[in-house]
Each structure stands twice: as structure tokens, then as C-alpha cells.
Amino acid sequence: MLPAQLLQAPEVHAFNPPRRILMGPGPSDVYPQVLAAQARPTVGHLDPLFVGMMDELKRLIQYAFQTSNEMTLAVSAPGSAGMEACFVNLVEPGEKVIVCRNGVFGERMRQNVERVGAVAVVVDNLWGECVDPHAVEAALRAHPDAKFLAFVHAETSTGALSDAKTLCRLAREHGCLSIVDAVTSLGGVELRVDDWGIDAIYSGSQKCLSCVPGLSPLSFSPAAVAKLRSRKTQVQSWFLDQSLVMGYWGSDTGAKRSYHHTAPVNALYALHESLRLLALEGLQQAWRRHAEMHSVLRLGLERLGLEFVVEEAARLPQLNAVYIPEGVDDALVRRRLLNDYNLEIGAGLGALAGKAWRIGLMGYGARRENISLCLRALEEVLG
Ligand code: PLP
């Protein structure tokens, strides 16, 4: 029997959050145009008008990833589902995967490898360092039976950027397919899927695309698709099985789209709009803007005496991790920024919990007025 108070209809007000300035590790500030796009009337997910928008969306994702891969789409779930989609579709039980771990998300990749019943060979780098290509090459040499190399391009837990071009070349030279996490890199730093020979890549809508959270752009190269098609075992996840999902997203065979799951129609309007804005700005200009805004923020943070976790050469412009000064109350500072300035910055994660702040400059958030607010607020709060 339910308690009496649970049988009554709850009386709650509509949720009406204040406008925060999101300068953490994501979600980032969403473009006003993207929020407006999401509020447009819902249509059926097989409505011809919607299907036309999906075709444009696929083209926009291909542009953002710089790929002509036919299997390019947005997974109807957040970045973690994009990660999982790569592992459950491509990696079969017993196969060997070299996994690079230099922060939280490399470790999450390792857990995915284990959960599909495969064997993870971990190449560790310290938190704050980028993945060391020499160590990766040594692991590839030591494990000629490895089938995949998996790494995080932009490690959000530390702010380190790894050399995806070199790592993917090494993978190819050793007969491995590459699986790349581009959740924080897409739209913020140079990323060229076809030129760099990336085989499987996923991202997230809520970082440098400045879209609402909950979608994961994903792309598989023809070699990755061939691996998927030649599996000896069924993909263990029905929802994430990309060969089924492609029946809805459309393939090059011109086959009619069919129902797989109900697409998040309005969220896809939002992604379409955010990628349209990225295309209007131009990818290279977006990369340049992130780099420029990082320089402005860096100068200000250094003036406040804050030290970066990552050395300059490997630093992500869109994720600035700085050490919390000695004797400063981490939680109190972040609470005051939120309450007094409506400003969110990120706490440290994993090994950096309580030791660092993560200041995001992502997408729409990478602009001068945000930087000025953040620097002024930090100066006043740190006294
Ligand atoms: N990979 C990286 C590098 C991330 O930064 C994140 C989220 O912050 C994820 C994966 C997981 O994405 P999501 O939180 O959207 O599931």
C-alpha cells in the first residue's frame, strides 16, 4: 500500500532555472538559437520534413568530423553511449585492445573493454600528461595480436590534448583500428577524421557544440563498418547495435528508413541548429576562436597567480585546469561563484578532486564577456 501522501497529486511549480554562465567541463552555455530551435513544434520522427532535416544533420556531422563516412549519425543518448556504441559494436569477446589512460575517461574506456569480454592492455600516462606515442608504439609492438587502439583526444578530467593524428597513424601501421573519444575536442580543436585515418569516433552535444546535452555524434570508417559486418557474435546491445540504427538514419543503398526507436525529435532540431551555427562560423574559425579565448583567459588566470595543471604544449584551449591555491576552500569558492555571480566552474575529478578547478571555454561560452566575468568573480572571491 502506498503511503497516503504519495497517492495525492504533488503540487509543484514549473521548473524555471536562472540563467547561469556555464564555464565548467560541460554542459556548456547553449546558444539561444539552439534553445529556440528545440522549442519548435514536435513532428513525427518519420515525417518527410523531419527525414529531410536528418539528411542535413548527417551532412553537418560529417562536416564537423571532416569525414565522408557513410555511417555517421547521432546516438540518441549522451557521450557515454557513443563510447559504449564503439566498443559493443566493434570489439568482440577475447579480442585485445590497447587502451590509453591519462584521466577519468581513458579508464572508462578500459571498463568498456572489460565489459565486452575483451582484453585491455593499458598504457598509462600521469594525470595532466597527454598520451605518449612512444609508449603506445612499444605496446603495439609488444602486442602484435591487438585489434584496436583506444584513446581520448581531449581528456576533460585534466585538460590534456593528445596527438590523435600520430596515434591513429601508429594504430594503422600495426594493423589496429582506432577508437577515439572526441567528446570535448569536437568543434574546439583541430580534428580531421578522414585525413588522420580515425576508424571510430564519438562526441557529445554538450561541450564545444553548445547544444543541449543528451546526444552523441558518431562516425565509423568503412574499415570499422566491415569489422562490424564480419562479427562472429551478435552485438550484445540491441539499442546500440549500429547496423540496426542505420536502418533509421539511412544508408547509401537508398533503402527506406524504418522505425528503430523513437528519435529525440526536438533534441535533434537543437543539434541541427548548433551544427548549422558551427558551419556558418566555419570549423577553422571556431578552432581559432577557442585558441584566442584561451590565451586571454590564461593571461588573466596567471595574473591571479593560478597555475595550470597541463604544460602549455599539451593544453586544451576549451578546458583549463588550474590548481586550487593552498588554503583556499574549494567548495566555498565554487558555491560563491554560483550564488553571487551565477557562474559555474568545474570541480576537479578523480585524482584532481579537491586539487584543481576546471574552467571551460566551450562553443558559445568561449567569448570575452564570459572570461571577464570569470576573472573578476575569481579575483573578488579569492580576495
Ligand atoms: N568522454 C569525455 C572525454 C567526456 O568529457 C565525457 C563527459 O564529460 C564523456 C566521455 C561522457 O559523456 P556524457 O557525460 O555525455 O555521457
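Along the chain as shown, the residues are counted starting at 1.
Placement of Cβ uses the backbone N, Cα and C atoms for every residue, glycine included.
Taken from TrEMBL as is:
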- 39-348: domain 'Aminotransferase class V' (DOMAIN)
- LYS207: N6-(pyridoxal phosphate)lysine (MOD_RES)
- ARG358: substrate binding site (BINDING)
The residue listed as 'N6-(pyridoxal phosphate)lysine' to ARG358 (substrate binding site) - Cα separation in whole Å: 13
Candidate with sparsest Cβ neighbourhood (10 Å radius) among LYS207, ARG358, the listed recorded positions: ARG358
